[in-house]
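**Q** Just passing along the structure, written as structure tokens.
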Amino acid sequence: MAGHSDNDMGLPDFTEPAKVLIVIAPYYSKISQAQLDSARGVLDRAGVAHDTVEVPGSLEIPTAIGMANRLSSFDGYVALGCVIRGRTSHYDVVVNESARGIMMLGLQGLAIGNGIITVENMDQAEERADADRLDTAGGAAAAALHLIALARRWRRPDTGVGFRPGAYRVAGGENEEGPAKA
């Protein structure tokens, strides 16, 4: 997910329905609600169906997205959470590993907008969660939509299991197009 930018790409139009899963770690309730409102608003404006699941923390977000990808039929995902630096190295682990997990899923072809806020203090978190200021959640939802559109643009037509029509025989010597050709 890109940060604040003057480049407004707008939202893509979809010729067929899209469905997005928002995965949120609601550790800070005020921040989480602002993130959800913003991401849902963007998805609603784009006319995209969406569902939301909560996970215990930001480290669980990539796992939940991976599970949903294997077990459900979402076109894209929005990762939301907030990690504020504390006094230990736990912050670094959570920030780096959640980002790495999301990136690995993205490199496998999943359309994911990463809106996990990583900051030093609550003031920075509030600024990034605010839809009227930096709006990282809205940006993450828009990023997911653009990646879905890109995946649809580049997808290959369904080719079945690797046989060209008319190039195989079934019992009785006929294929789907009639008698097998010599």
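Numbering starts at 1 and runs along the chain as it is shown here.
Keep in mind that glycine also has a Cβ here, set from the backbone N, Cα and C atoms.
So TrEMBL says this about it:
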ACT_SITE  His90  active site, proton donor
BINDING   Tyr27, Ser58, Leu59, Glu60, Cys82, Val83, Ile84, Asn114  5-amino-6-(D-ribitylamino)uracil binding site
BINDING   Arg128  (2S)-2-hydroxy-3-oxobutyl phosphate binding site
**Q** Max CA to CA distance in Å over the 5-amino-6-(D-ribitylamino)uracil-binding set Tyr27, Ser58, Leu59, Glu60, Cys82, Val83, Ile84, Asn114?
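**A** Largest pairwise Cα separation, rounded: 16 Å.
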**Q** When you rank Ser58, Glu60, Cys82, His90 by Cα distance to Arg128 ((2S)-2-hydroxy-3-oxobutyl phosphate binding site), which of the recorded positions ends up on top as the closest?
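**A** Going through Ser58, Glu60, Cys82, His90 one by one, the Cα closest to that of Arg128 ((2S)-2-hydroxy-3-oxobutyl phosphate binding site) is Cys82.
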**Q** How long is the line from the C-alpha of Cys82 (5-amino-6-(D-ribitylamino)uracil binding site) to the C-alpha of His90 (active site, proton donor), rounded to the nearest angstrom?
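**A** On Cα coordinates alone, these residues lie 14 Å apart.
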**Q** Which of the three DSSP states, helix, strand or coil, fits Cys82 (5-amino-6-(D-ribitylamino)uracil binding site)?
**A** strand
**Q** Neighbour count, 10 Å Cβ-Cβ cut-off, for Ser58 (5-amino-6-(D-ribitylamino)uracil binding site): what number do you get?
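**A** Total other Cβ atoms inside 10 Å, all chains included: 26.
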**Q** How many Å separate the Cα atoms of Tyr27 (5-amino-6-(D-ribitylamino)uracil binding site) and the residue listed as 'active site, proton donor'?
**A** 15
**Q** Give the helix, strand or coil assignment DSSP yields for Ser58 (5-amino-6-(D-ribitylamino)uracil binding site).
**A** helix
